[in-house]
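Trainee: First, the structure itself, so that you have it in front of you.
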Amino acid sequence: MEEEKDWIVVPTWRIPGRLERWHSLIKYLKYRTGELQQVSYVPHHKVGWAWWTCSRIIFPLNKGAWLEVQGYWNLTPERGFLSSYAVRLTWYERNFYTDVTPDVADQLLHGSYFSCFSANEVRRAIRGEKILSYCNYPSAHEGQVPSLQFLALRVVQEGKNGSQGESATRKQRRRNSRRSIRLARKNNNRAQQGSGQPFAPRTYFPGLAEVLGILA
């Protein structure tokens, strides 16, 4: 008698490539800049019995909740080993959990990680003073209805001018984003934990979908 096969179905997001860049970025922000110091990085050899899981990244959030980004590999073992990768985004709170989309995951993360405009920036902008803080996670605000204050600060931050196209500030922040990911690729966990080098500037985070290359 043939043994009955049980299936466990969970929503996942396909990844067009490998997850090394994602792992390197997490380690860079955890050990080099310290911005993700509280985040737990669990590599595949510490996951345990879940052999299809290549990593777990656990982001502690407010009020005892947390967000887990779980990476999967070799999702079609019946066809032999294939370089197929995907991630699962799950939000946990006590005895409850639910899967979330990348945009919701960005909003949850930005509530605890990566700096945003401070409460005093609106007054500084009205007085014509220099803005001292910026939003380093702009993709987390997409899909929301922004306040007029936030829109005004975004205009000041990006220095928008309809006749000049993309501002120098926005270009610089995009370069900073690429630089962060490029540095993350060179991240060496063993060397960085005791390197003694000064912390890098606050990181501009482009969002989970862009970093992971999620194919919706």
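Each Cβ is built from the backbone N, Cα and C atoms, and glycine gets one as well.
A quick note: this is a predicted structure, and the numbers were derived from the prediction, not measured.
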Trainee: May I ask you to indicate which of 57-66, 147-156 is given in Swiss-Prot as motif 'BC-box-like motif'?
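Mentor: From Swiss-Prot, the annotated motif 'BC-box-like motif' range turns out to be 147-156.
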Trainee: Mean pLDDT, the motif 'HCCH motif' (110-141)?
Mentor: 75
Trainee: Just to confirm: which same-chain residues, 6+ apart in sequence, have a Cβ under 8 Å from the Cβ of THR98 (phosphothreonine)?
Mentor: THR90, TRP91
